[in-house]
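Just below is one structure, and these are the notes that go with it.
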Amino acid sequence: MAPPGVPPGRSWVDAYRGMSADNIKGLVLALSSSFFIGASFIIKKKGLKKAGSSGVRAGAGGYSYLYEPLWWTGMITMIVGEIANFAAYAFAPAILVTPLGALSIIISAALAHIILRERLHIFGILGCILCVVGSITIVLHAPQEREIDSVKEVWDLATEPAFLCYATIVIAAAFIIIFHFIPKYGQTHVLAYLGVCSLIGSLSVMAVKALGIALKLTFSGMNQLIYPQTWAFTIMVAICVVTQMNYLNKALDTFNTAVVSPIYYVMFTSLTILASVIMFKDWDRQNPTQIVTEVCGFVTILSGTFLLHRTKDMVDGGTASLPMRLPKHADEDGLTPEGIPLKRQESL
């Protein structure tokens with residue numbers, strides 16, 4: 001007997017259309033990116049430990065790690081992960097790719113537990129499970145990637161009134177925060193720096209996606225490099241990424257990583273999804289049930305992310321304090337004791 005809502009004679013397997021080929025490519029690239037970036041932090045930390053044992057450690061201002069092959073292996077692994085993440089946006093919608101960044105936390109936590117012998121609290125394991133459940137929910141209900149045949153189409157989407165209004169509000173808000181709030185509250189309120197990072201970051205992802213689509217079409221035989229729109233998106237990527245990383249570094253230099261990482265992930269991912277919904281109209285091709293399910297999956301990932309970061313320093317019988325200020329030289333490895341940061345933050 002066919003399930004409710006499925007025509008007689010057809011099973012639910014036949015009724016389910018499944019993911020498009022582009023979505024599958026984007027999913028594989030996003031998962032690969034999470035693995036490489038998550039593993040890169042562990043490899044780099046091992047390299048820092050090895051370099052610190054025979055020279056001046058990074059936390060004391062030394063650069064002996066630059067002569068350590070293991071550290072460079074970690075850097076190369078991170079670069080490969082970022083390239084995979086860049087390519088993922090060319091194939092899949094941002095609402096699918098961006099939340100999967102949380103999976104790099106799971107990779108880092110698992111490898112740290114196995115390789116670095118950093119104990120993972122039971123609530124940290126629960127946080128990992130929540131991230132996986134939320135990610136699966138989003139993957140199964142993500143919208144199909146929009147069919148685009150030219151970078152001009154992306155430019156038309158970016159210049160529609162709705163997205164221009166969003167971009168104007170984002171840029172105006174960023175300038176207000178930079179010139180009014182940061183001078184007054186930048187050293188005491190983490191939201192000042194992270195507000196700029198998240199706002200500009202949402203625009204940078206849209207520009208990255210546009211540039212990725214242009215390169216994908218170019219490699220498939222339809223040269224998009226002859227269009228000025230491609231180079232306009234390239235300039236936008238450069239400006240947005242530099243601005244985003246500048247203020248993210250300020251936040252990481254001022255506040256505890258365990259505070260910066262989850263807050264930045266929530267703000268950046270939320271604004272990126274909003275920008276994608278406005279520009280690429282991801283939700284126009286979905287029904288309310290799918291949209292609500294995606295939102296629930298996203299909230300589940302947020303819950304897992306917060307739980308994992310909040311309990312990463314916990315031991316049985318007590319909790320470690322979470323100082324709001326980030327010490328300049330936190331430990332012997334030149335890394336902060338709070339653990340492994342989120343993807344697309346320190347990685348860039």
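Just so it is clear, glycine is given a Cβ too, placed from its N, Cα and C backbone atoms.
Curation plays no part in TrEMBL annotations; they are all automatic predictions.
As recorded in TrEMBL, the features of this protein are as follows:
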- 319-348: region 'Disordered' (REGION)
- 24-43: transmembrane segment (TRANSMEM)
- 64-84: transmembrane segment (TRANSMEM)
- 90-115: transmembrane segment (TRANSMEM)
- 122-141: transmembrane segment (TRANSMEM)
- 161-183: transmembrane segment (TRANSMEM)
- 190-214: transmembrane segment (TRANSMEM)
- 226-247: transmembrane segment (TRANSMEM)
- 259-279: transmembrane segment (TRANSMEM)
Ranked first among 90-115, 122-141, 190-214 for CB pairs under 8 angstroms with the transmembrane segment (259-279): 190-214
Long-range Cβ neighbours of the transmembrane segment (90-115) (under 8 Å; 6 or more residues past either end): 22-23, 25-27, 29-31, 33-35, 37-39, 41-42, 46, 81, 124, 128, 131-132, 134-135, 138-139, 142-146, 205-206, 209, 212-213, 215-216, 265, 268-269, 272-273, 275-277, 280, 282, 294, 297-298, 301, 304-305, 308-309, 312, 339-340, 342-344
